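Listed features, source TrEMBL:
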SIGNAL    1-22  signal peptide
DISULFID  32-49  disulfide bond
DOMAIN    63-214  domain 'Cupin type-1'
BINDING   108, 113, 118  oxalate binding site
BINDING   111, 113, 118, 160  Mn(2+) binding site
């Protein structure tokens, strides 16, 4: 009976291990172009699959990443995402792409991608980048100054950032290991949640004056 139990555990591990080593499940067909209607489709990864016989080259095409984006917002950056929501051919393929434009002194503020590792390439300018490890690793900061052609990796789920420290605008491109990696902005998520988190919780968590917490919540209110 004990041998049977061990065999059962090993079988369960064999079945679940493939699900733990990839952000998105591997497809069992050439492609599954995502559509939002169930007509003649099968629901996979949050999208219905278009009939493969009806797929065209346009389902796998996106244009316009060569164009600069405006960076006049509070953080001085603009992220243009190419994921399954605007490139349906990415459905089930486990990858996506972003272009990030940074104004002078602009930044892509601390955030996480809950479903993806990110690899970033600097195309223009100079960036200060970094990520912070989890509590169990002591919240260590890994940081680097990147110039054109430099590459940096942000592990899945860890808080990371990029800041333009040059004297001119900067541009970076990043690939992510999910068709829809998700973004959790630290400041706007914590202080701009809807409904708002009880200020008393944030006062204690961040060791801030109550007025400072209320000011931040008003600033990030959606």
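Cβ atoms are placed via backbone N, Cα and C, with glycine included.
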Relative to the Cα of residue 108 (oxalate binding site), which of the recorded positions 32, 49, 160 have a Cα no more than 10 Å away? 160
Between residue 49 (disulfide bond) and residue 118 (oxalate binding site), what is the CA-CA distance rounded to a whole number of Å? 26
In all the protein chains shown, the tally of other Cβ atoms within 10 Å of the Cβ of residue 118 (oxalate binding site) is 22
So among the disulfide-bonded residues 32, 49, who's got the most Cβ atoms within 10 Å? 32
Here the binding-site residues are 111, 118, 160, and the Cα closest to that of residue 32 (disulfide bond) is found at 118
What is the number of other Cβ atoms found within 10 Å of the Cβ of residue 160 (Mn(2+) binding site)? 22
For the binding-site residues listed (111, 113), most other Cβ atoms within 10 Å of the Cβ sits at 113
For a quick check of packing: other C-beta atoms within 10 Å of the C-beta of residue 108 (oxalate binding site), how many? 26
Rounded mean pLDDT within the domain 'Cupin type-1' (63-214) lands at 96
